[in-house]
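Engineer: Provided herewith is a single structure, encoded as structure tokens, for subsequent inquiry.
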Amino acid sequence: MPDPTAPPRAGGPRRPSDAHPRPAPSLFGPRALAAQLPSALRKLDPRTMVRTPVMFVVLVGSVLTTVSALLEPSVFAWVTTLWLWATVLFANLAEAVAEGRGRAQADALRRTRTETTARLLRGGTETPVPAARLAVGDLVVCEAGDVIPSDGDVVEGVASVDESAVTGESAPVIRESGGDRCAVTGGTRVLSDRIVVRITAEPGATFLDRMIALVEGADRQKTPNEIALSALLASLTIIFLLAVVTLQPFAAYAGQPQPVLVLVALLVCLIPTTIGALLSAIGIAGMDRLVRRNVLAMSGRAVEAAGNIDTLLLDKTGTITLGNRQAHELLPVGSVAEAELASAALLASAADETPEGRSIGALCRTRRLPAAPPSGGVATLDGAGGTPVPFSAETRMSGMDLAGGRRIRKGAGSAVRRWVEENGGRYDPAVVPLVDAVSAQGGTPLVVAEADGAAARVLGVVHLKDVVKPGLRERFDRLRAMGIRTVMVTGDNPRTARAIAEEAGVDDFLAEATPQDKLDLIRREQEGGRLVAMTGDGTNDAPALAQADVGVAMNSGTSAAKEAGNMVDLDSDPTKLIEIVEIGKQLLITRGALTTFSVANDVAKYFAIIPAMFSGIAGYEGLARLNVMGLAGPESAILSAVVFNALIIVALIPLALRGVAYRAAGAARMLRRNLLVYGAGGLVAPFAGIALIDLVVSRIPGLV
Ligand SMILES: Nc1ncnc2c1ncn2[C@@H]1O[C@H](COP(=O)(O)OP(=O)(O)OP(=O)(O)O)[C@@H](O)[C@H]1O
Ligand SMILES: [K+]
Ligand SMILES: [Mg+2]
């Protein structure tokens, strides 16, 4: 058995710092681009392309120009056609590169998902079965050295577990039955001791499977913002399509109908191909940036919401504190002897599988109190037997009804007070200062009381001690600077809550909160139009995690919490939300910046092509004055615009994947700055770029 008084490690003292993000596999060099060429070619499938309407139009255009080049071959026709195909390919390349990074990680994860044999426990005997045959509810035994065959909850025992296969963190963590640290992940390895695990995942639907699907983007769906933007881009495309089609009668009237090739080139230059090509890559890259910080976002929608969070709710135990509340001292009330209190506390914990319950036995053992059980189990019932009353977050009590009629309870002061009074007793006022003293130190007081036939009475207090995670204050200060309000919610009493809230530096707290209260608090915030993030680890946090716009479950928490949230933090660091918010904001800003750039870009290209198309037509000499760039000739101008339009996609892939630089201060100011930089840049870049390309293109023999 690990020493229960040893410093806890579960999700704990890993510094809540700028933990090093996982290194990104090779970035966007020419080699990385070339490596993704095959996947980019595979994406030419029209069924895939049609999901991006803008690029689908370019694909159709490329087919049209190919046909026209075949019918009326010329150097101009073929070179332009080639560059139109390149445009489509570059768009696919952007997406392929973005996905490629996840794929490398998925491969690495797959390698850890080796074939394991589980030790299935049935009727007290063990049978070896392949992990893939385990069903939900099966019990399996895992001992030191065993790979845990599937996800589950520890129902018996305590063990240290190496979770590095999943989290990348080599320090072992404690997993134990009963509390908020009972969940184990398939593919991780038990380092010491023996645990019995109840399987909670269907084969093929384990956490590791989900993680692989996630980093691969297997079931990626467009987010609401992406859908809205796609719709906007699609309507712009239709408008320009109509504009280009109606141009033909004018040109014909002027005596120079334009060839299909030129019309397609014009259309492709006008529609927002840049953002159309990069949109999905931007979204994938955002998810990928989270993964590299050990956060698994189950949906892109959650990442977007994170960019706009107003309120962050944090659960106290296990999230703000290390989460291993341990019995630290026994405070008998009045004339009660310490041994009497110890004996009652032990009986009340005899069947309490929570870490708090078990720690009471451990305390009595280290203090060598007479009632302490010799070893192993928590307490013996002296053969008397009894009915355990398990702990629940609703009642905030646990205890035992002994066969002889004696009933013992321990729990939160307010809960035990009610119980004592309901059982005809008087809540001894002498216990109040004891409770307050424990609370003032940020500890959790558990009041112990008994009822034996006659009136109930209070015996004393068990001081459960917990430690606030280091380094939280500065991180909450940073959240405040980002305009995010932090609220701690806890089932503990208001005094304890206040002490911990002050020590950790949160803005506000809610004490004596039941799971329903947590849920109501989130709903209230949301009704005010605020977006709420919640960080939690316990089963009783699950409803709140599900209700929150961003629900970040600690990996150290229960499976219920991990199922309910839309993100899992593998480092179990409550302040990870800072990074999550930054990545969300960066995603939104990047998308906005590139959309601005793309549209501004297209406007500029208009001035390159229209004068070229109409140049040389009698009666339209005036348009030639619009040829501000002084391009060599109509063909060269059109081709240069098409080439620029294609190259700008490749040039912006790194920006789309890396995201625009994000600084915490003033999101509104940043937005304004970006509009200026990317809007003005988008207008100017094509003029310079097209003029330069024109210099090269006009030298192609046979073009003009
Ligand atoms: N094993 C136990 N037996 C009896 N009472 C307990 C036990 N564990 C906790 N309590 C009491 O119940 C209260 C609520 O505990 P719980 O762990 O549900 O808090 P919570 O809602 O998860 O909040 P947080 O985790 O943020 O502290 C505690 O403050 C304590 O007084
Ligand atoms: K374009
Ligand atoms: Mg909790």
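Heads up, the Cβ atoms here are built off N, Cα and C, so glycines get one too.
Dumping what TrEMBL says about this protein:
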- 1-29: region 'Disordered' (REGION)
- 52-70: transmembrane segment (TRANSMEM)
- 76-94: transmembrane segment (TRANSMEM)
- 114-216: domain 'P-type ATPase A' (DOMAIN)
- 227-248: transmembrane segment (TRANSMEM)
- 260-284: transmembrane segment (TRANSMEM)
- Asp315: active site, 4-aspartylphosphate intermediate (ACT_SITE)
- Asp352, Glu356, Phe391, Ser392, Ala393, Glu394, Thr395, Arg396, Met397, Ser398, Lys410: ATP binding site (BINDING)
- Asp537, Asp541: Mg(2+) binding site (BINDING)
- 606-624: transmembrane segment (TRANSMEM)
- 636-655: transmembrane segment (TRANSMEM)
- 675-697: transmembrane segment (TRANSMEM)
Engineer: Restricting to the binding-site residues Phe391, Ala393, Thr395, Met397, Lys410, which ones have a CA within 10 Å of the CA of Asp537 (Mg(2+) binding site)?
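Structural biologist: Matched binding-site residues: none.
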Engineer: Counting only pairs at least 6 apart in sequence, do the transmembrane segment (260-284) and the transmembrane segment (675-697) share 3+ Cβ pairs under 8 Å?
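Structural biologist: Answer no, regions not in contact.
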Engineer: Which listed range (52-70, 76-94, 227-248, 636-655) shows the maximal number of Cβ pairs under 8 Å with respect to the transmembrane segment (675-697)?
Structural biologist: 636-655
Engineer: What number of additional C-beta atoms lies within 10 angstroms of the C-beta atom of Asp352 (ATP binding site)?
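Structural biologist: Cβ-Cβ neighbours of Asp352 (ATP binding site) within 10 Å number 25.
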Engineer: Tell me, roughly as an integer, the mean pLDDT over the domain 'P-type ATPase A' (114-216).
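Structural biologist: Mean pLDDT across the domain 'P-type ATPase A' (114-216) comes out at 90.
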Engineer: Far apart in sequence but close in space: which same-chain residues, 6 or more away, have a Cβ under 8 Å from Phe391 (ATP binding site)?
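Structural biologist: Correct list: Asp352, Thr354, Glu356, Gly357, Met397, Ser398, Gly411.
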Engineer: Just to be sure I understand the contacts, which recorded positions have a Cβ under 6 angstroms from any atom of ligand 3? Candidates are Asp315, Ala393, Thr395, Lys410.
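Structural biologist: Listed by sequence, the hits are Asp315.
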Engineer: Cα of Lys410 (ATP binding site) to Cα of Asp541 (Mg(2+) binding site): how many Å, rounded?
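Structural biologist: So the Cα of Asp541 (Mg(2+) binding site) lies 22 Å away from that of Lys410 (ATP binding site).
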Engineer: Could you give the maximum C-alpha to C-alpha distance in Å for the residues Asp352, Glu356, Phe391, Ser392, Ala393, Glu394, Thr395, Arg396, Met397, Ser398, Lys410 that bind ATP per the record?
Structural biologist: 16
Engineer: Rank the recorded positions Asp315, Asp537, Asp541 by the number of other Cβ atoms within 10 Å of each Cβ, and give the residue at the low end.
Structural biologist: Asp315
Engineer: Quick test of the contact rule: Cβ under 8 Å, at least six residues beyond the ends. What residues does that give for the transmembrane segment (52-70)?
Structural biologist: 44, 46, 77-78, 80-81, 84-85, 87-88, 91-92, 230, 233-234, 237, 241, 259-261, 264-265, 267-268, 271-273, 275-277, 279-280
Engineer: Could you tell me which of these binding-site residues, Ala393, Met397, has the greatest number of Cβ atoms within 10 Å of its own Cβ?
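Structural biologist: The most densely surrounded of these binding-site residues is Met397.
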Engineer: With a Cβ cut-off under 8 Å, give me the same-chain residues at least six positions beyond the ends of the transmembrane segment (227-248) that come close to it.
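Structural biologist: Non-local partners: 52-54, 57, 257-258, 263, 266-267, 270-272, 275-276, 279, 591, 595, 599.
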Engineer: Going through the binding-site residues Phe391, Thr395, Asp537, Asp541 in sequence order, which have a CB under 6 Å from an atom of ligand 1?
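Structural biologist: From Phe391, Thr395, Asp537, Asp541, counting a Cβ under 6 Å from ligand 1 as near, the near ones are Phe391.
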Engineer: Which number gives the other C-beta atoms within 10 angstroms of the C-beta of Thr395 (ATP binding site), all protein chains shown included?
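Structural biologist: Step by step: centre on the Cβ of Thr395 (ATP binding site), count other Cβ atoms within 10 Å, giving 17.
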Engineer: Give me the Cα-Cα distance between Asp541 (Mg(2+) binding site) and Asp315 (active site, 4-aspartylphosphate intermediate), rounded to a whole Å.
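Structural biologist: A Cα-Cα distance of 8 Å.
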